[in-house]
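Trainee: So that we are looking at the same thing, I have put the structure below in structure tokens.
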Amino acid sequence: MASQIARRLIILGAPGSGKSTIANRIVKTYGMPYIVVGDLFRRHIQERSEDSRTMKEHIDKGVLLPDDLVLKSIADELEKVREQGFLLDGYPRTLNQAEMLHRQTKIDHVIALNVPADEIINRLKDRWVHLPSGRVYNLLWSAPKVPGKDDETGEPLSQREDDKPAIIRHRLNTYDKNTNPIMEFYKKLGVLQEFHGRESDKIWPELKKYLDYVLKEPTAQKVAA
Ligand SMILES: Nc1nc2c(ncn2[C@@H]2O[C@H](COP(=O)(O)OP(=O)(O)O)[C@@H](O)[C@H]2O)c(=O)[nH]1
Ligand SMILES: Nc1ncnc2c1ncn2[C@@H]1O[C@H](COP(=O)(O)OP(=O)(O)O)[C@@H](O)[C@H]1O
């Protein structure tokens, strides 16, 4: 079912909490454009485009990229989907990013995944990705049909540099440091909804019930004429 009115959604969560996994189910169910900030940077790095060196240096060490570079990178993508609405994954990661976005684009719903850290660390050691598409697999939980190969293209899967345990711990610390001010920001705006759990298959039914309700409500931003 595609939502008829532009809805602007954000999915928040720690690295490895299942944002991409859940976001793909949201996109399949409600049919809105899906912007994955991390994949955007990985594409820049693969294409060796402008700023790709800075991006690679930061990402391989699990260090957040400068706020202004991030907003510059996603501005064009958001502009392209302003009318249809979108699901944004991987932004904001700092309060400043949330405030900068709020000045440009009002967000209708913020979905926050809350998954225990031990569960996340356990998952990420088995995360394999198909870099060109951003498709995500897990050797124990959602393995590819052919080991090491992407289900759709048959191209090789790889593990991300920043999924190494030491880098993950750093990224989780960064997330813990930054997340409360961002959650408070969206709580004050009355758009935050948190979902707690250890498994995406348990979080999804509750999240879908919530979205079925809110996406039917005509509360979304009237698309600017
Ligand atoms: N064991 C397990 N793995 C999961 C679950 N949900 C997602 N994953 C896997 O955990 C890893 C992180 O999920 P991902 O969607 O990439 O999280 P993101 O970093 O927040 O986008 C991937 O390998 C997923 O396939 C789950 O409920 N259980
Ligand atoms: N909004 C952002 N602000 C700053 N850096 C970011 C942002 N989003 C992604 N990055 C950079 O890209 C890396 C990978 O992000 P992402 O693919 O979203 O990780 P995950 O899917 O594991 O949460 C981050 O560790 C960070 O270095």
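Indices start at 1 and increase along the chain as displayed.
A Cβ is built for glycine as well, from the same backbone N, Cα and C atoms used for every other residue.
Heads up, TrEMBL stuff is auto-annotated, nobody curated it.
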Trainee: May I ask you to find which of R42, R43, R135 TrEMBL records for the AMP site already listed with V63, L64, L65, Q97, R160, R171?
Mentor: R42
Trainee: Return the residues near L65 (AMP binding site) by Cβ distance under 8 Å, restricted to its own chain and a separation of at least 6 in sequence.
Mentor: F41, T54, M55, H58, I59
Trainee: Given the binding-site residues R127, V136, Y137, which lie close to R160 (AMP binding site), meaning Cα to Cα within 10 A?
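Mentor: Cα filter at 10 Å returns R127.
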Trainee: Near the region 'NMPbind' (36-65), which residues from the same chain, at least 6 beyond its ends, have a CB less than 8 A from one of its CBs?
Mentor: 20, 23, 73-74, 77, 88-91, 93-94, 131-132, 134, 161-162, 167-168, 170-171, 174, 178
